[in-house]
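A short worksheet on the structure shown next.
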Amino acid sequence: MGTTASQLGKDSLSEYQELTFLTKQEILLAHKRFTELQNRDERNHPNATRVPMEKILTLPELKSNPFRKRICHVFSTSEAKDGSLTFEDFLDLLSAFSDSATLEIKSHYAFRIFDFDDDGTLDCGDLEKLVNCLTGETDDTRLTSDEMRQLISNILEESDIDKDGTVNLSEFQHVISRSPDFVSSFKIVL
Amino acid sequence: MGGFLVLPQAIYPPELHKNREPFTGLELLTGAGYFSDTLMYYGYYSNYTLRSHMNNCTENNLPSSAKWECESKYPSYNMPLAYFFTIGMAFFITCIILVYSMSKSFGQSFRIDKSHGMLAMKAFCSWDFKVVKKSSVKLMSENIYTQLKELLAEVNQRHNKNTALQKLWRLMVHSLAWTICIAGTTGCVIAIYFSSDYVHKQRAGNVSRGSLKEASLLALPVLVSLINLLLPGLFNLAAWMEEYNSPSVRTYVAISRNLMLKVSVLGVLCYLWLSRVAYNSDSDIYIKTSSQCWESFVGQELYRFLIIDFIFTLLNTLFGELLWRIFSDKVLKHKRKPGFDIAKNVLDLIYGQTLAWLGVLFTPLLPAVQVLKLLLLFYIKKSSVMMNCQAPRRPYRVSQMTTIFITLLCFPSFLGASVCVTYTMWSINPSESCGPFRGRKTMFQAGKHWIEELEKENPHLSLLARAHTYLVENPFFMFVGAAIALIVIYFQSQVVDGQRKIITLLQEQIENVGKDKKFLITRLQSMHEQKRAPKQSLASQDSGC
């Protein structure tokens, strides 16, 4: 009588467990939450259909995160580049943000998330958008343009080793390696 | 410590002293009275070799050789030797542990490359993705905004240059503040010196025993703890007057001032105990009035200091921080709660630990008291911090501070305590009437005596005895050992220097490679343009014809 949500097959479960850093319970919980976001008729094929970005952004873990749109764009595999996610994309997301992911994986994805124009390096525009996201959307917590310029030039001075005006992946990873709590702060748990 | 010293002595107690005083509650504080004849203090420990079943051997009239055989069958325990070696081993093990942890934390915090890269790290790593609630997100954003602004202001300050007049003014203000601090410290030291004189004269004059007399023993510790509490407040006022620009410099200055205070307080106390109490053994008022041995007296003093320090810290935590928070909330109307002064608390802990190390020789149970005190203090401080204080807004360089604190623990504190203890063992006469070393010239003699006895009993071990004489007693060996350690340290520092130079060279190389790449790519492009341009002109000529 009541419609039950489609269960995850046992071999799919073990396959996902092997391919990601997630445990069995985390995968099952992710499946449950993902199918809740889908429409009724889509629920039988969670892998085939994409959930649009607006629905993903209603998840409480992502709702208030200033980087939510970038996260969706980075993990999305859709050709239309609209940030929609399949279930496997969603698992990828959770795997990168999980407890057991390595520092390399996390710093790689962090770099892609902070690269707002998707050109493979963090230049001044990317850094400015990053700082604005960090300090908040309201006006009274924004830095003035003078301070912003100075901040960006200081950041580049500290992290740009080859002095080309941008921060590439290796330089980013070099800065991250000096911070002891990056791994614990780059985490999302459902 | 407990296994080697306390247990054997507890099993074979020596003869009890004749007038043992009854237990009153004051003993927990003063440590004198009932406690003075117990395991806690040095005076209780016997100076002969403990043997079990001693009665069996001395009952019959055996010839001396048989007696020796009889005695050697049962387990025996040479108390003075055990005391001496246990204390020595304890210090040695502590030394090794300290040096190891210091080198580890030094390695972690000593960044070979530039260590002022805080801004980039702040920008890239400070966002916590686990935060879900909107209000917490807003709070975190504001926090990051404040931190970035402060860091920027700090960086700006470094670039500003003062005029000559401003520099002179700042120099005057700094020297005034330092003069105030040094004068305060000297004043307190003199106060301690004269008040200890006064207290002991009072005790000598007043012959009657009573609980007031016992309580007067507490006067000196209370004075010292008050000084430790109030003088850092004076230092804070002086620092506030000076208006330091960068917070790290302010922290270092505060630490050095507090350190200076504590070192001078401990120095004057050690001087008082070791020189006055120990040496004037014949005509001294201290020994006449209290018929105890001076080591037990010093042990009791240290115990009292530890306990009073604990009580004062408790009171300060419970009432001081609570009251300060209420005061700053209602009267001053600050929006933030007071910050937790990490430097002051760590220095207090180091001070307590130095007292414990000094007291190990005289009071073998003092480490147990110290452990208990630390456990209690930890839980009380934890709940107080949760309730009354807030986290500092500036990013606290944990690893560098840890290195500094461990170095402070090792160098002035542990080194000073071990120097005092070694001096005591080496050259001061133990008292005649109590303790495991009574009757000898110095405590060190116990070790020598054992080696001599060993040589007498077993001629094969004479090599060991001779080695011991040459190695340990010869100061030349110590100098050689110290020289080797210094050479190793010098080599390591040169290696680190060399690595730093290599890193700068490599960074320059990376820069140059980047420039080379750009140059070559532009050349390649221009060459391609040139190649294409004549081809095109040729083609157009062809088609034109």
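Any Cβ shown, glycine's included, is placed from N, Cα and C.
Just so it is clear, the model here is predicted, and its values are computed rather than measured.
These features come from TrEMBL:
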- B:293-399: domain 'TMC' (DOMAIN)
- B:81-102: transmembrane segment (TRANSMEM)
- B:175-194: transmembrane segment (TRANSMEM)
- B:215-239: transmembrane segment (TRANSMEM)
- B:259-279: transmembrane segment (TRANSMEM)
- B:305-327: transmembrane segment (TRANSMEM)
- B:355-380: transmembrane segment (TRANSMEM)
- B:401-426: transmembrane segment (TRANSMEM)
- B:476-493: transmembrane segment (TRANSMEM)
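Counted over residue pairs separated by six or more positions, the transmembrane segment (B:81-102) shares fewer than 3 Cβ pairs under 8 angstroms with the transmembrane segment (B:215-239), which leaves the two as not touching. By the Cβ criterion (distance under 8 Å, sequence gap of 6 or more), the transmembrane segment (B:305-327) is not counted as touching the transmembrane segment (B:401-426), fewer than 3 such pairs being found. Across the candidate stretches B:215-239, B:401-426, B:476-493, the maximum count of CB pairs under 8 A to the transmembrane segment (B:175-194) is reached by B:215-239. Nonlocal intrachain contacts for the transmembrane segment (B:215-239), taken as residues 6+ away from its ends with a CB within less than 8 angstroms of a stretch CB, comprise 26, 29-30, 32, 177, 180-181, 184-185, 188, 191-192, 195-196, 199, 202-203, 250, 253-254, 257-258, 261-262, 265, 269, 300-301, 304-305, 307-309, 311-312, 316, 344, 348, 351.
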